[in-house]
Amino acid sequence: MGSSAAASGPSSLKLVGLVAAWYAGNTLYNIYNKKATNMIHAHWFVAAAQLVVGVVWSMVMWGTGMRKTPNLTASDIAACVPIGLFACLAHAGSVLAMGVGAVSFAQIVKACEPAFAAVIGLLLPPIDVKPMLAYAMLIPIVGGVGLACVKEGKGVDINVTAFAWASMANMAAALKGKMGGSVTKSLKGDKSKNMDSANVYAVMNIISFLFNVPMVVIAEMDTLQVEWDKATAEHGAQALIINIALSGFFFYIYNEFAFAFTANVGAVTSSVLNTAKRVIIIVVSSIVFVEPMERNTVIGSAIAIGGTFAYSLASKVKPAAKKKKA
């Protein structure tokens, strides 16, 4: 009974539960992250504080024995360092983009991530050439994002700073995916290292935090105390700390559930559902933060997200094998 159940893969109920937790965690993260960044103008600090929550969570899980402690060598950790760096930039870029602009706008720009991944796949070895249909789907993605930036009666209206940070997040996420695939596969393949999907994410989260700290020092240390005092005077220290802590908690939780889901179903299904997730975030954030959604924004978002959905499917289509001549 046990072996046949294992062979049949995860139950549908488990998968539904993982998706529900992933979506709920991601949506709540975006809400509390925006509340926190609205309160304090120290967004590198907020990004670092969010990662601290995940670091503490991992230490508790390992310290109590609820999860096996990773057994990594110095060379294993060195291989993870570049991935942690790009994870840091991807996370911070998203926080900064949503901090200076609307959550919905950041999510629309982040729908362009496949375009960045496609370019990185062609530039960095091993070269990853997608089917032509996948490259064709980049046109509606980029075009949809462009249309969403066109305001009726105003022409192109872009929050340049938010666009730049979201684009940095896209580039970093693409580089993390490109460089991290082989490393994580190798670590997870060696059972002695105790690196299941949850521990892989936990290690990346810790390295990401270590890279985030110097950015706080460089970008915000001179003004951090002033910004903190200003935020606590206006909103109260308790409200500020709660929003930062909850955003960090939901950030870690949603990523852990997303990693677990991907490990069970594979990258294609996960990519498709990751695309659908953006629709929920855009709608919920527009309601919670009263972010206006003009006709072009709605149509452009739909086109871009639909293109991302199609790209996810088309990029995994394998070419038909050529028949050998007799």
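Don't overthink the numbers, they just go from 1 along the chain as shown.
Using the three backbone atoms N, Cα and C, a Cβ is placed for every residue, glycine included.
Per TrEMBL, the feature domain 'Sugar phosphate transporter' maps to 14-312. According to TrEMBL, the feature transmembrane segment maps to 12-32, 44-65, 77-99, 198-217, 237-254, 266-290, 296-314.
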Exercise. Which bits of the chain, at least 6 residues beyond where the transmembrane segment (198-217) starts or stops, bring a Cβ under 8 A of a Cβ in it?
Worked result: 42, 44-45, 47-48, 51-52, 54-55, 57-58, 61, 67-68, 70, 72, 77, 80-81, 83-85, 87-89, 91-92, 180, 184, 187-188, 224, 252, 255-256, 259-260
For this session: Counting only CB pairs under 8 A, let me know which of 44-65, 266-290, 296-314 has the most with the transmembrane segment (12-32).
Result: 266-290
Exercise. Can at least 3 Cβ pairs under 8 A be found between the transmembrane segment (44-65) and the transmembrane segment (296-314), with each pair 6 or more apart in sequence?
Worked result: no
Exercise. What residues in the same chain, six or more past the boundaries of the transmembrane segment (296-314), come closer than 8 Å to it by Cβ-Cβ distance?
Worked result: 104, 108, 111-114, 130-131, 133-134, 136-152, 268, 271-272, 275-276, 278-279, 282
Seminar exercise, completed: Mean per-residue pLDDT in the domain 'Sugar phosphate transporter' (14-312) works out to 90
